[in-house]
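K.L.:
Got these off Swiss-Prot a minute ago, pasting:
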type	residues	note
SITE	R17	site 'Transition state stabilizer'
ACT_SITE	Y22	active site, proton acceptor
BINDING	N73, H79, D86, L100, S101, R110	substrate binding site
ACT_SITE	H99	active site, proton donor
Amino acid sequence: MNVLVVHGPNLNLLGTREPGIYGVLTLDRINEEISALAEELGCSVSFFQSNSEGAIIDAIQQACGACDGILINPAAYTHTSVAIRDALAAVALPVVEVHLSNIHRREEFRHHSFIAPVAVGQIAGFGADSYLLGLRALFTYIKKEIVTKA
């Protein structure tokens with residue numbers, strides 16, 4: 001099983017950017033934790049981070065046929081990008097949306113997600129653990145989907 005992990009804009013600044021909201025772990029450290037869990041689960045992960053909407057869309061499109069699912073933290077694009085939402089819908093892979101902070105406890109403009117309607121689930125508010133919970137959920141979902149199709 002192959003999972004693409006997509007990190008959206010400004011997540012490259014984790015560890016220094018608003019640590020009271022996003023925590024002190026760097027993106028590299030979060031990726032290490034995701035990799036360790038993936039190994040434990042018996043799946044492989046690849047990572048992609050960009051501050052560019054178009055580059056994120058390209059990565060999502062390239063996942064079609066190469067990956068079994070997508071774990072995505074679209075960051076600010078959660079609330080603005082119909083294009084990323086449409087790319088996720090187009091590839092028709094299982095998607096889990098994750099957020100470090102609880103977007104529903106923050107500013108009103110952060111409460112709406114364009115991604116949620118095309119995701120199998122959303123996990124928010126658990127810091128870096130949101131990624132680990134998301135990977136476990138996606139792994140379980142894909143395994144059940146494989147069994148159902150068999």
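Cβ coordinates come from backbone N, Cα and C, glycine included.
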K.L.:
Work out how many Å separate D86 (substrate binding site) and H99 (active site, proton donor) at their Cα atoms, rounded off.
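P.N.:
About 19 Å separate the Cα atoms of these two residues.
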K.L.:
Distance check, please: Cα of the residue listed as 'active site, proton donor' against Cα of N73 (substrate binding site), rounded to an integer number of angstrom.
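P.N.:
Each residue's Cα considered, the residue listed as 'active site, proton donor' and N73 (substrate binding site) end up 6 Å apart.
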K.L.:
Tell me the Cα distance separating R17 (site 'Transition state stabilizer') from H79 (substrate binding site), rounded to the nearest angstrom.
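P.N.:
With distance taken Cα to Cα, R17 (site 'Transition state stabilizer') is 19 Å from H79 (substrate binding site).
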K.L.:
Between N73 (substrate binding site) and R17 (site 'Transition state stabilizer'), what C-alpha distance do you get in Å?
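P.N.:
Cα-Cα distance, N73 (substrate binding site) to R17 (site 'Transition state stabilizer'): 16 Å.
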K.L.:
Can you name the binding-site residues among L100, S101, R110 whose CA is within 10 A of the CA of the residue listed as 'active site, proton acceptor'?
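P.N.:
Hits: L100, S101.
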K.L.:
At the level of the C-alpha atoms, what whole-angstrom distance separates R17 (site 'Transition state stabilizer') and S101 (substrate binding site)?
P.N.:
13
K.L.:
Around S101 (substrate binding site), how many other C-beta atoms are within 10 angstroms of its C-beta?
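P.N.:
S101 (substrate binding site) is surrounded by 18 other Cβ atoms within 10 Å.
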K.L.:
If you measure every Cα to Cα pair among N73, H79, D86, L100, S101, R110, the residues listed for substrate, what is the largest value in Å?
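P.N.:
Max span of the substrate binding residues, Cα based, is 24 Å.
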K.L.:
Take the Cβ of H79 (substrate binding site) and count every other Cβ within 10 Å, whichever protein chain it belongs to.
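P.N.:
Taking every protein chain into account, the count is 16.
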K.L.:
Which of the listed recorded positions (R17, H99, R110) has the least company, meaning the fewest other Cβ atoms within 10 Å of its Cβ?
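P.N.:
Minimum Cβ neighbour count within 10 Å, taken over the recorded positions R17, H99, R110, occurs at R17.
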